[in-house]
Amino acid sequence: MAPKHQTPHTHAQIHTHPYRTLLTSFAAWKLFLFAIVLGSTLVGDAYDTSGGLLLQGPANGDAATRPAGLGTTLIARLTSWDAIYYVSAARRDYVFEQEWAFGAGLPFVVRTLLQGLEYVGIIDAPGAEGGRALVAEALAGILVANTAHLLSALVLYRLGQVVWRDQTLSLVAALLHVISPAGLFLSAPYSESSFALLSFSGYLLFALGCRAEGSSNSNNSPTRRDLYTISAGVLFGAATVFRSNGLLNGAPFALEVLRHLPAFVRRPTAIDTLRRLAALGVGGAAVAAGSLGPQAAAYLRYCIPSSSSGASDGEENLLLPRPWCQGYLPSIFTFVQQHYWNVGFLRYWTLPNLPLFLLATPMLVILVKSGVDSLRGRHLPGDAKAVDGESGRLLALIRSTAAAQVLLAVLAATTYHVQIITRISSGYPVWHWWLAGRLVQGDKTGSRIVMFMVIYASIQGALFASFLPPA
C-alpha cells in the first residue's frame, strides 16, 4: 500500500521505474551530502589539515597560499581520517606496519585504475612527489566509492527480488541503503561501499544458487548451482580483502555444509552430495583466502628477511622479524590492530569512550533486533512465510546472514572501536529488509529509524568534513 503522502500516480511511477527512482534518489542524496561538506568550509578550516597537506604535496611549495576551487576543496574534505591511509597506500603501497590495518582492496583498485589511465595516455604518470598525483588518487578513490555505493544499491534491489519476490520491499530496502547512516563514509575514499557491493553481489549469486537447486528448469542444473556457489565465495573473498569482517560472509557456506552432512553420512559415495560439498568447500576456501592472502604477503615481507620488501642489500640483514611473526597463527592484522589502534576484547570499555557507545547504540540495537527477528522468522513479508523447498533454502540463507549480522554487532560492542558499526553495517542486507518490511507495513518505529538515519548521516557528514569525531 502506498504511503499516505503519495498519490497513486506517483506510487505507480516508482514501481514502474525502480531503477530511475534509485538513480534520482542516489543523486539527490549525494548532492545533499556534498553540500554539507562544502558548507562546512564556511565555518573554518578542518580541525586537522592532514588531508589538504597530503594532496598539496611538497612539490607544490606555496599551494597552501593559493585559493582552492570547489572541486579541490571537496576532495580535500573527503580525504579525512582513514581516507588518508587509503590514498597514501594507493600511491606507494604499504610502507609503515600500522598501515596493514587498512584493507588492500581499495588501494589496489585505485592504483590499477590510474595505471590503466596512464597506459592509454589519459593522465600523466605521477612524479616522485607530485601533489597532483595524490589528488588523482583521492579523486579516483572518491569515484570508486560513489560508483560502488550506487551499484550496491542496485544489486541489493535485485537481491531482494530474488529472495523475497517482492518489488516494494526490495525497492524500499535499496533506498534505505542509499540513505545509509554510513553517510559520507560511502562517498569518501573508504572501503565500505566496495565491501557492500561485493557482499551483496556474493549473496545474490548464492541466492540464485538456492533457486537453481530447487528448480526443475533444465537451465538450472547442479553444475550451474555449484558455479553460483563458488562464484559467491570468490566475491566474498574479494570483499574480505576490502574489510576483514568479510569473513562473516562465510556463514552461509558453513550452514549449507551442516545441511548436507546427514546425506553424506547416509551415502558417502553419492555423487551429487560430494559435488555439493566440494563446491561449498571451494567457495568457503575462497572466502578465507581473502584474509589469508594479505596475511601471507605480510609474513613474507616482515618475517622472512630475504623477502623483505623495500630494503636494499645492505639493509636487508638489519631487518629483524616482528613480534607477531612468532605467533602460533602469525597475523599482522591482529597485531597492528592491538598494538597501534588498541583494538581488543573490552579494551574500548573506558569512561572517555562512553559517548561513542551511546552514538553506536541505535545501530547496535537495529542490528541485533533485526537479526534476532529474522532468526525467529518474525516480521518477514507475507509471501515468505509460505515455505516450500526452495524458499526453505533461501530462509536458511537469510538466517545465516542474520546470525553473522548479530555476531558483527557483538564484536563491535566488545572488541572493535564501537563507533564504526554505523558504517560497516552498510554491507549487511538483513537489517535493510527488516526495516523495509516495517515501513511497508506502516510501522511508526520504522519511520523513526529512517529519521534517525538521515539526521545521523547529516551531522556525521559535517563532523567528518571538519575532521572531527566520530569516525
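In case you wondered, yes, glycine gets a Cβ from its N, Cα and C as well.
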Range annotated as transmembrane segment - as stated in Swiss-Prot, picked from 106-126, 169-189 | 169-189
Contact between the transmembrane segment (449-469) and the transmembrane segment (169-189) (at least 3 Cβ pairs under 8 Å, separation 6+) | yes
Residues outside the transmembrane segment (169-189) whose C-beta sits under 8 Å from one of its C-beta atoms, at least 6 past its ends, are 14-15, 18, 21-22, 25-26, 29-30, 33-34, 37, 78-80, 83, 86-87, 90, 106, 110, 137-138, 141-142, 144-146, 149, 152-154, 156-161, 196, 363, 381, 422-423, 425-426, 429, 432-433, 435-437, 439-440, 450, 452-454, 456-458, 460-461, 464-465
